[in-house]
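Feature annotations, courtesy of TrEMBL:
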DOMAIN    69-449  domain 'Cation/H+ exchanger transmembrane'
DOMAIN    507-629  domain 'Cation/H(+) antiporter central'
DOMAIN    642-791  domain 'Cation/H(+) antiporter C-terminal'
TRANSMEM  51-74  transmembrane segment
TRANSMEM  86-108  transmembrane segment
TRANSMEM  114-135  transmembrane segment
TRANSMEM  147-169  transmembrane segment
TRANSMEM  181-203  transmembrane segment
TRANSMEM  215-235  transmembrane segment
TRANSMEM  247-266  transmembrane segment
TRANSMEM  287-320  transmembrane segment
TRANSMEM  326-352  transmembrane segment
TRANSMEM  364-385  transmembrane segment
TRANSMEM  397-418  transmembrane segment
TRANSMEM  430-452  transmembrane segment
Amino acid sequence: MSQINNSSTQFQNPSRLRFDEELRVGIHVVCQHVGMINSRGLWFQDDPLEYTLPLLLLQLSLISIITRSIYIFLKPLGQPSIVSHILGGVILGPSILGHNLAFMNKIFPREGRITLETLSVFGIMLFIFQVGVKIDPSIVWKSGKRALVVGILGFFIPFALASSIRLLLCHSISLDDAVCHVLQLVVLMQSVTAFPVIAIFLAEFKILNSDIGRLASSSSMICDMCFWSFMLIFYVAHVAKEKSMQAAIGSILSVGCLVYLLLFGIRPAALWAIRNTPEGKPVKDAYIYVVFVALMGFGFLGEAIGINSLITSFLLGLVIPDGPPLGAAIVDRLDCFVSALLMPIFFTLCGLKTNVFSVQKWKTVGAILLVVFIGFLGKIIGTMLPPLFCRMPFRDALALGLLMNSKGIVELVLLNDWKTNSDNMTDECFAIMILSVVVLIGVISPLVKALYDPSRRFLAYRRRTIRHHQSNEELRILACVLSQDNVRTIINLLDVSNHTNDNPIGIYVLHLIKLVGRASSLLITHLPREKPSQNPTESERIFNAFKKFEHENCSRAALHCCKSISPYETMHNDVCSVALDHRISFIIIPFYNQSINGKMVNSFHVFRHLNKNVLDKAPCSVGVLIDRGNFRKSLAELLSCRIVVLFFGGADDREALAYAVRMSGNPHVSVTLLHFTTTSTSEGAEIAGGTERSKRLDSEILDEYKLNAEENERVSYLEEVVMDSEGVLAVTESIENSYDLVMVGKRHGESELMSNLGKCNEHTELGAIGEMLAVTDSKLRASVLVVQQQTRVWGLRDAEDSSLLRREEKDVAGVPNSNVYSI
């Protein structure tokens, strides 16, 4: 009774109470005045740190400043943000600043940390729900045999090896029972490869839509299923042992009812909401509200039946369809709040709980690190063997093995749960495990970046250009479509490409879609519906327009449709991958500026990175199409399409001219060549620099064109003599509305004239002349096609000299002609 009276007296004291009373092992009671939330300020002699809200704001500020400072320092070293967050917590915790008890009791007191921990757990709950929304469960069934084998071996091989070492250690050296139990948890943690962790790392490494990225995503899902199946069996056995078989059966039945409610209650409701949301329209706020209420309700229901709210949140996210409109809207609402505010709190708290001074027994350190290393090695072996058997390059297989060893949010959640609910997870073991996670992440991140470059596979082994295209062979063109606005212009460009029965074209249409509300990128072939929909998607409308073009041209054009759903930062990987796999000779990609009433407007800046990367990494020639609207008109009238080629010299101009020559075979097309020359003989006065060999090639293709002009009245040759850059500007301005399409090469040899033209070059991916034609204040009303000849060929050193590469028709000195080029 006296104790109760003492407690009540202390509660009346306005100062914060700091005392713990052990009720049972691992449980502490912290008393705090419930009304002390807002401080009146220093002028009223109130200590702000004695109140909940000011203390929370100070804690969040310190966490943000310190973790951000560490991230700025570690980012050049290739370290992900999770490392800086954990290290920030270690700095603030008992290992460094918190080693000063006065600092710890004032800034991070036990009662003040309760609010932080509640926020962090709520943040994890939202994050896990968000991950579930992003996942498409059907990927597991579509993953293929390779991903299935990698996922299974990636779980069971490290589990078997690490378990064997654990048994050996526990029987050969004198380890505490608690440490032996912790080693079993270490085995489980080293065996799992969590999909949420892999998805985060792939996004940070910008390889989400690479071959390795897709394989790692699918394999991690399989590995996750193995882990959680094992944990489910372990959980049921534990309940049956600790409680009773009836309790185990009741737990299983309650989980089954929960899953049934999700599948046949929430899932149909989500599909109904999607059907009632018109394409392109935002999801109603009422639908989002209902989803968040369901999240809170199912979280509570899970806790009530003995399932962690994180698991129920994940299951709820899984039944909601990923991507637009509903999944994307949910992710968009949560992303910034969860990723920028709540998740750093959790990572920092992991560091705050880490006390390096608790590490005392080197025998324990050695045992845990040995099991971690064996598990790491087993994961490398299990994930590398299947890809190597499928003839994947060793560097790529090693990068995959390292990726599958990545640790992150899921492992930290497991460690925190074990520390809270297991008496065996001591501060020493927890600190060792947290530090091992940081070291693993710190080592894996730069290694993966150094080992794996997705663009390395885009190096072609033969010429893929229009200039080197063999006659009577199908010319394969990849048309990249960003929106419906690009369709009409691209179709018109294809229509004038002179597709005949003798010279057919293969059209590969790739619809590029931003990855929104999904965790995995997709590159899939479009499969038409059995019954046409009254409300077709944007992709279907785009593909239908190209199918109509194919139908009108019968056997002269073959159409193949696919779509890429990936982040803008790595979308070029899908473009280059399709071009390489299908032996494309020419890529058409829209310029990110668009025309409104004949005027160019800067409306698509996000695509500039895409254009630049495609030009840098493409395994074939590329054309950047600048749409000014004029080229969209019908080509039904005779000579309805007027094309002009601006020729200064160089490989890219030769490629543009080669394309124009092919177009000249179309009876509805007229082609004019403007050849820029100069009469000045002073040094540096040439139009465009280049090697003697390149200039000889220019002369050869010009002679061929002049001969063609004499025989074809729709082909003309004009020579423009200019003295400086002002003369070039005057000629281009005189074109105005005389033509429908202007074609020019991107790169030109160094010269004084080109240097003057390129001084104010804003769009470096267009080159000096292309930039001049694309500027928003240009009087030119014709659309522009800026052409770059293939630059990436195996064994190629000089892009200019590459134009001379020709396939030999016969063997040379007994060497097969497939390996010999002539110059």
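A Cβ is built for glycine as well, from the same backbone N, Cα and C atoms used for every other residue.
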**Report entry** Listed stretch, out of 86-108, 147-169, 215-235, 287-320, that has the most CB pairs under 8 angstroms to the transmembrane segment (430-452)
**Finding:** 86-108
Query raised in the report: Does the transmembrane segment (287-320) make contact with the transmembrane segment (147-169) through 3 or more Cβ pairs under 8 Å, each pair 6 or more apart in sequence?
Result: no
Report summary line: If one takes Cβ-Cβ under 8 Å and requires six or more residues beyond its ends, the residues near the transmembrane segment (364-385) are 150, 153-162, 165-166, 169, 173, 175-176, 179, 182-183, 186-187, 189-191, 193, 219, 397-398, 400-402, 404-405, 428-429, 432-433, 436, 440
Requested in this report: For the domain 'Cation/H(+) antiporter central' (507-629), jot down how many residues DSSP puts in helix, in strand and in coil.
Outcome: 46 helix, 39 strand, 38 coil
Query raised in the report: Can we call the transmembrane segment (215-235) and the transmembrane segment (397-418) in contact, meaning three or more C-beta pairs below 8 angstroms at a sequence separation of 6+?
Result: yes
Query raised in the report: What is the three-state DSSP composition of the domain 'Cation/H(+) antiporter C-terminal' (642-791), stated as helix, strand and coil residue counts?
Result: 61 helix, 35 strand, 54 coil
Query raised in the report: For the transmembrane segment (326-352), which recorded stretch in the set 51-74, 86-108, 114-135, 147-169, 397-418 gives the largest number of Cβ pairs separated by under 8 Å?
Result: 114-135
Query raised in the report: Between the transmembrane segment (86-108) and the transmembrane segment (51-74), are there three or more C-beta pairs closer than 8 Å, counting only pairs 6 or more apart along the chain?
Result: yes
